[in-house]
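These features come from TrEMBL:
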type	residues	note
TRANSMEM	12-33	transmembrane segment
TRANSMEM	39-65	transmembrane segment
TRANSMEM	72-96	transmembrane segment
TRANSMEM	102-125	transmembrane segment
TRANSMEM	132-150	transmembrane segment
TRANSMEM	170-191	transmembrane segment
TRANSMEM	221-241	transmembrane segment
TRANSMEM	276-294	transmembrane segment
TRANSMEM	300-321	transmembrane segment
Amino acid sequence: MSATIPPRRRALEQLVGFAPVLIFAGMLVHIGIQAPGFVSLLTLGLVLEQSLPVVLVCIGMSIVVMAGGEDVVAGGIDLSIPATTVLAAGILAQWLAADGGFVMACLLALGAALLVGATNAALVAWIGLTPLLASLAMFGAVVGVNNMVTASRRINVDHPIILWLRDAEIAGIAVGILCVAAFGLAAYHLLHRTRFGLHLQAGGGSVEAAEMVGLSARRHLAIAFLLAALTGFIAGFFVLARGSGSSPGVEDNLMLEMVLATYLGAAFSPRRVVTLWGAVLGALLVGAITIGFKSMGVNVFWLGLIKGALILTVVAFAALAKRGRA
């Protein structure tokens, strides 16, 4: 059927699908001209290190999207991952600041994160709530719980493991980068090299077709929410490492960057769908844009407006590309 599409229309569809990347490339070129020091190996390392929490939550988000489908409203989406991240970070910070044991702090944070994931799974996979509304409601609820846990105050953390994640290097490469890269490879193997991962993606591609061959799309979607919560828990460590502690308000910017990066990453896919590596690349691009604008002296309050406008742009181009394929 694709052979019957006129070449000019096919070229236009490809341009529309790739437009978000071109927009970001243009912004990076502009930043490089306005802030010459931005184009350097030092900046590249800074982008990689500062983007680690976003990369992790984007991995979790992409898992849910692949399990639930591409529809932004009714498909797979989990807006509560950033809230899960700050809750895990808040519990870790609170417990470690009180000289509690590291293992117990990890268990408490992991339990809280998985509880959020299990609640999302129950609301969406079994009760049947819309994922967008369910996860957005969970975002607000979890942020409220975190504010009670931390009393909405900053908590400094100087535990050796957090400092190790922040400062240590192996062969000149930051330990945090190596850890997140290893986790990303493990997630890729799970999704693309195991029967479970292929079944999960089959359910996201077509629930009816998956169930016709005996697969439980609901069960795989529920597991995807749990895996997303796990990525939120792991991201909590890197939020603490990046900020040397837990600070209120981190979740809002993290959610903006997660949504923007995940759907921007779809432009890297030939089929213009959300993929794990596309989301990772999107997270790095968003991190580069953020650091670039800061190096230009752009007011931090403008960054939220810029990211919100970019989200609308990315989603709009994705909708146009989908309409063109139809």
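Quick reminder: no glycine exception, Cβ is built from N, Cα and C everywhere.
A contact between the transmembrane segment (72-96) and the transmembrane segment (276-294) is absent, since fewer than 3 of their C-beta pairs, 6 or more residues apart, lie under 8 Å. Same-chain residues lying 6 or more positions outside the transmembrane segment (300-321) and placing a CB less than 8 Å from one of its CB atoms are 13, 16-17, 19-20, 23, 72, 252-253, 256-257, 259-260, 263-264, 266-267, 272, 286, 290, 293-294. Same-chain neighbours of the transmembrane segment (39-65): 32, 75-78, 81-82, 85, 131, 174, 176-177, 180, 183-184, 187, 191, 200, 204, 221, 224-225, 227-232, 234-235, 238-239, 241-242, 254, 257-259, 261-262, 265, 274-276, 278-280, 282-284, 286-288, 290-291, 295, counting only residues six or more beyond its ends whose CB sits under 8 Å from a CB of the stretch. Non-local neighbours of the transmembrane segment (221-241) in the same chain are 52-53, 56-57, 59-61, 63-64, 66-68, 76, 78, 80-89, 92-93, 109-110, 113-114, 116-118, 120-122, 124-126, 157, 161-163, 165-166, 176, 180, 183, 187, 196, 200, 203-204, 250, 254; each lies 6+ residues outside the stretch with a CB under 8 Å from one of its CB atoms.
Residues 21, 24, 27-28, 31-32, 35, 38, 43, 46-48, 50-51, 54-55, 58-59, 61-63, 66, 184, 187-188, 191, 257-258, 260-269, 300, 302-303, 306-307 of the same chain, all 6+ positions outside the transmembrane segment (276-294), place their C-beta atoms under 8 angstroms from a C-beta of that stretch.
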